[in-house]
């Protein structure tokens, strides 16, 4: 069988966690199907990052214009790689960049595409894939023959494993992006040193926080609990917190030991990103909020009164 290819993303000069998850699954599938894994990434630091990839081969696309994501350049580079390796499957994270790149790559190369994948298992000489449909309310299963399908994978669908092998990295020049001129590079927002996917305890806030002036209450509660603050999409859309703190289908998938949902109604988009937490405690004044359908414990009280009271109680017990 032709190789499985992973189009990896970089974060802070290293492979992103969702990319490592894709590489882990590609390795498992390659072993079952008698194939190999090719990892690819674009950017000035791609070569160094790919040296730690779980792949049999690795290709770093470097050169002018690769320091920031450019849809046309990335797609042109990916299409060149498809011609070079003719992979049986192409995996990439279902992130903002992955959704953009995956759809364009499939459309312009005439390949099938599958988005929002949450499970991939070998079946015969192909794959049995499970993906989210209708906003995550339903799951669909489909058989994918080795036809070069472009698959975008929901981050957190499985755990990344340490690399089984380390590849020799080949560097290739970036293709020319005709008609593209970089005027300004806007650096992505950062949540500081906090990676909410690594926190065992999350204090997650929604519209019920009412405004950015009340975020300090959540920060104080998270601090005394030894956790971090995350949020739902409306909080990000309002500009109160950076997108790096967003939980949900268009944000990050988290699996903490404790997920304290404060003032979050529980839209399907959000539930998809946190439903696998070990313990979910929801607080919302609307007793019919969907968040209570997935919570083990819940309360219908004002979160602005609860947070300082709970923080004071916990500090008293700790002191």
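In case you wondered, yes, glycine gets a Cβ from its N, Cα and C as well.
Sequence-distant contacts of residue 270 (FAD binding site), defined as residues of its own chain at least six apart whose C-beta falls under 8 angstroms from its C-beta, comprise 206, 232, 233, 247, 248, 249, 264, 291. Summarising the annotation, TrEMBL assigns FAD binding site to 207, 232-233, 246-250, 263-270, 284, 302-303.
Residues annotated as domain 'Electron transfer flavoprotein alpha/beta-subunit N-terminal' in TrEMBL: 4-194.
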Give the residue from the binding-site residues 207, 249 that has the most other Cβ atoms within 10 Å of its Cβ, counting over every protein chain displayed.
249
Over the span of the domain 'Electron transfer flavoprotein alpha/beta-subunit N-terminal' (4-194), how high is the average pLDDT in this prediction?
90
Compile a sequence-ordered list of residues in the same chain as residue 303 (FAD binding site), six or more apart from it, whose Cβ lies below 8 A from its Cβ; state 'none' when nothing qualifies.
205, 208, 209, 262, 263, 283, 284
If you count the C-beta atoms lying within 10 Å of each candidate's C-beta, which of the binding-site residues 264, 267 ends up with the smallest number?
267
Please report the number of other Cβ atoms within 10 Å of the Cβ of residue 246 (FAD binding site).
24
